[in-house]
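Student: The region 'Disordered' annotation in TrEMBL covers 1-47. The compositional bias 'Low complexity' feature in TrEMBL is assigned to 29-47. TrEMBL lists 107-126, 303-335, 409-426, 446-468, 480-500, 520-540 with the feature transmembrane segment. What TrEMBL records for 174-273 is domain 'LCCL'.
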Amino acid sequence: MSDEQRSSLLTHKRPDPESQIGSESPQVTPQETPQSSPEESPEPELQTRWGALHPKTWKDSLKSFFVAWVSGPTHPRDDPPQPIWKLRQLELLPDRFRRKVSPTSRVIILLVYMLVWIAIWSRVLLPYFTEVPEVKGDSDATVISLTCTDAYDFWKGKNAACGLDAKACPKLHQDKDVIIRCPALCDRGSWLYSSRAVGDQMIKYRGLFVGGGEKERDEDGTITHPYRADSFPCGAAVHAGIVSPFYGGCAKASFSSGSQSSFAAQKGHYGVSDSIEFDSFFPTSYVFTELESKVSHCKDPRLVVLFLNILLGLPIVILGSSTVFIWVIMSVGFWTITLATDPPTLVDPASSETFYELVSLSLGRFLPTCFVMYFLWEVSIKRTFSKPQEENINPADDQTPTGSPMSRLIFWYPFFWLGVLNNITFDRLPVDRLTLKDLKAQPGALLTVSVFAVIIVVCVITQAYSVWLSGRFNKLIKVYIMMFAALFAIAWIPGLTLRIHHYIFALMFIPGCSTRGRTAYVFQGLLLGLFLSGVARWGYASIAETNLSLLRGEPAGKITPPTIFDVNAADGMIYWEDSFDTAEVKNSTYLTNELTKYTHVSLLVNDVERYIDVNEGKLNLTELVENNKYLDELVKMSMVQQADPADIALYLRISRYDPKSKRHGDYTKAYKLQYPSFNLTKAASGVT
């Protein structure tokens, strides 16, 4: 080596690595770049993703690591499902179909198939909605169509809904029997979701049927024990085993049983709970009698329609393009809910207007649902069912099914229907609403929510990893941060309560399922079904609701009732006093004005209103019984039928009453009075 070359090497300056920290593309000439090993020269993409080789501080290192982690892997991956080779012939079927059938012919086949589908659907379903049921051999007989909780023709409602001495309640066919038609699913559809007082019991989260139960057929055709008149007829018919929860049916009810001195609890059919026991009298009851004549259009075809739609949807899922299959199945799912599995309104064939009201209501919800579905298609669904190179293709084009068509059938389709049938699947779990009050009130609710919370967390982590692998985690995490920030802001709006309905829950998480794996098929199918179930049945309910709307008919607690504090057996008197806070009333103009209106009191005896008069703080109960012929007859009947005639139980509930507006305040819970000994059991705290 010459002296000149040796001098050049000694004076050569290598670039300082620290001077390049943060620089993205250092300007170095080829002559200045020495030969280096692979360890000393990282790949450019790693240099940009992980920052400089030697960050200045640990904060820079942590920041670089976080940015790189959020950005996803170096080589993002989001491949559609591979074909299931054991089902290879079925996987190849769509491709063979497309090769042999031209696009025009495929459109014609689809249109004809849909017309046949609609025709079959109409043939099965429409007669049940539009043709009035007829009793064979009795053209004058009337069949009343009811919902699972409809009892208005039997008893108007709770507390004082039937007025003084229940005179406002319909004396429905007291002179003859009545035939009712009940829909399917009344084993759970007849549940109460707001508290109802039956004596001193508060009934909730179960069916309302008091007494009754199956028995051997009598000579007069009676096949059940008497049910209290305010029992839900269709729920009672299922309890007695007369009506099926799977396909509904007709039942013949008779009010010939009249008043009863007590109602014993009886075992139910089809897995429903035992009936409610009531150990005192009630003015009206009904029994079910044998339905000897055949009645047309009794069976509810909803489950037949459901299975028909699931079956006829299979070719669309397997052979259709992603666009066709999603939009057809979505539309079928929506109309299956509104017309079959969970109609939002009752259709009475005797009134044709009710069917048109159902169709009108459904159309009013279907149009905005289509716009929401288009949004979901663009942000999530299209990507899930497309090949990577097809992501930006116009969805109106007829696309070849991507990935594995059988994966749609196995992983997406069943979970879609699982969500659509929310009223049959998830609604039967012991969870009403995700509010602390409801979770505490319903047995098993907290455990169920805890289990589902764990499952949801696992699903979220699984899908989040799939999103991270696709390199889109950074984008979606920003969306969800804004989304949850908005929910937090709504939750703090005074006077309103945040309500995450299941359609909102689905809308929140479907965008996060925009990957192409089989897990995305499962989650997306389930969430889309839940979305349709929510909007088809309940509409686009508000995300923030007033506290009053959340009560669902339960007492608001504004007009507090008096409290009975003493009785006197010698003169038959009962005494009550105000239970409100005097200081609170003085400080509230609203309460002061309201209480000046409620000058009277209303007294319920065994859940029937028996007394309304000026609030004097006392009442002679003995005189009330003796002077009220209806009440006197019931008391005498009960005392005669008692094994121990010394006493009978009277359940007393009292409230304030506004005589001008004819409005009642909240009632107390029931005081149990042994009559005529006047032994009083205090009521539990709370109102009804």
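Glycine too: its Cβ is placed from the backbone N, Cα and C atoms.
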Student: Apart from its near flanks, which chain residues at least 6 from the ends of the transmembrane segment (446-468) lie with a Cβ under 8 angstroms of it?
Tutor: 72-73, 78, 429-431, 434, 439-440, 476, 509, 512-515, 517, 519-520, 523
Student: Tell me whether the transmembrane segment (303-335) sits in contact with the transmembrane segment (520-540), defined here as at least 3 Cβ pairs under 8 Å among residues 6 or more apart in sequence.
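Tutor: Checked: the transmembrane segment (303-335) vs the transmembrane segment (520-540), in contact.
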Student: Should anything in the same chain at least six residues away from the transmembrane segment (107-126) have a Cβ under 8 Å from its Cβ atoms, list it; otherwise answer none.
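Tutor: For the transmembrane segment (107-126), the nonlocal Cβ contacts are 101, 301, 304-305, 308-309, 312, 315-316, 320, 324, 328, 339-340.
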Student: What residues elsewhere in the chain lie close to the transmembrane segment (409-426), defined as a C-beta under 8 angstroms and at least 6 residues from its ends?
Tutor: 81, 84, 185, 306, 310, 313-314, 317-318, 329, 333, 336-337, 341-342, 502, 506, 518, 521-534, 537
